[in-house]
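Participant: Swiss-Prot feature annotations, pasted as is:
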BINDING   Cys56, Cys60, Cys63  [4Fe-4S] cluster binding site
BINDING   Cys100, Cys131, Cys191, Arg264  [2Fe-2S] cluster binding site
DOMAIN    41-260  domain 'Radical SAM core'
Amino acid sequence: MQGAPLRHDWTREEAEVLYALPFPDLMFLAQATHRRHFDPTRLETASLLSIKTGGCPEDCGYCSQSAHYDTGLKATKLMDQDAVVATARRAKEAGADRFCMAAAWRNPKDRDLDQVCDMVSAVKDLGMETCVTLGMLTPPQAARLKQAGLDYYNHNVDTSPEFYDRIITTRTMQDRIDTLANVREAGIKVCCGGIIGMGEEVDDRLGMLVLLANLDAHPDSVPINMWNEVKGVPVNDTAERPDGIALARLIAVARIMMPRSVVRLSAGRQYMSDELQSLCLLAGANSIFIGDVLLTTANPQAERDADLLTRLGMTSSLSARSVAAVDENVSANA
């Protein structure tokens, strides 16, 4: 059952009404929506690898990889393809459904894109879904990635249009929207979400969801990131972690507004109790990253994730016998 047609005309006021519903009503509506489109007992698991770390020319105020800030992070060159494929193979053995590769660039140079395309093709040969995040893309670059077999491209809007300029000045929101359009036009699935806990208001979080839901096509994946603490960046001065109920409400609104999108409970899970993560899954989140490092910041250990899923009676490709391989895989490339 697919339910009502997807909407692309949400208003901020409608989002506010949903968010303010009595909590039991909001959770019921979100879970009912979730069940119309997904198996509520199934969780998608992905693995994330930084294939080129640090030295980014953008000034994103939350990011440890920006060259504008002294975060103590050493910039690296693009990883060797053999090392990337070996990491992907271990991630698959450990239970990952999808392998995501991230490079700290404003936009990829052609010679670098050639190497990334080769990586994508090689990972696809392992039988995994592929995702990359490389910064802004032109239409020809998106077409090259599609030809290489890329499944998903991640390019977040980060926050609401109103709060955006307080966080980033070197790339406009329209730059991001243009890249999303180029990716979609090339036939690649879109992964696009944002970050909460940077000092924005609830209205900004809802504004971000309205922006995403009103794109010409809903993102196929919507990652909701809680800001990971990073020393030396401007967001340190404004950051305020949302309480658990606020996070669950936001997940629920995302599920209702974008009913067929995968909603990923992404960065920041190490700050969440098992009970809060369970509440977010009940609200409609149905994907996580596995492994104990996300790019440059911490993530819950795989043993904890596997144990939680067992206690919840949920299933994923992550199994108790494979968690050691997950942690070994990610730690070797931290």
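Using the three backbone atoms N, Cα and C, a Cβ is placed for every residue, glycine included.
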Participant: Pop the Cα-Cα gap between Cys60 ([4Fe-4S] cluster binding site) and Cys191 ([2Fe-2S] cluster binding site) into the table, whole Å please.
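Facilitator: About 19 Å separate the Cα atoms of these two residues.
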Participant: Around the [2Fe-2S] cluster site recorded as Cys100, Cys131, Cys191, Arg264, what other same-chain residues have a C-beta within 8 angstroms of the site's C-beta center?
Facilitator: Ala46, Leu48, Arg98, Thr133, Tyr152, Asn154, Ser221, Pro223
Participant: If you draw a 10 Å sphere on the Cβ of Cys100 ([2Fe-2S] cluster binding site), how many other Cβ atoms land inside?
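Facilitator: I count 25 other Cβ atoms within 10 Å of it.
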Participant: Rounded to an integer, what is the Cα-Cα distance in Å between Cys63 ([4Fe-4S] cluster binding site) and Cys100 ([2Fe-2S] cluster binding site)?
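Facilitator: Between the Cα atoms of Cys63 ([4Fe-4S] cluster binding site) and Cys100 ([2Fe-2S] cluster binding site), the distance comes to 18 Å.
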Participant: For Cys131 ([2Fe-2S] cluster binding site), list the number of other Cβ atoms lying within 10 Å of its Cβ atom.
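Facilitator: Excluding its own Cβ, the number within 10 Å is 24.
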Participant: In which DSSP state, out of helix, strand and coil, do we find Cys56 ([4Fe-4S] cluster binding site)?
Facilitator: strand
Participant: Taking the Cβ of each of the binding-site residues and counting other Cβ atoms inside 10 Å, which one has the highest number: Cys60, Cys63, Cys191?
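Facilitator: Most Cβ neighbours within 10 Å: Cys191.
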Participant: Quick check: which same-chain residues outside Cys56, Cys60, Cys63 lie with their CB within 8 A of the centre of the [4Fe-4S] cluster site CB atoms?
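Facilitator: My list of surrounding residues reads Glu58, Asp59, Tyr62, Ser64, Gln65, Ser66, His68, Ala104.
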Participant: Average the per-residue pLDDT over the domain 'Radical SAM core' (41-260) and send me the rounded value.
Facilitator: 93
Participant: Which three-state DSSP class does Cys63 ([4Fe-4S] cluster binding site) fall into?
Facilitator: coil
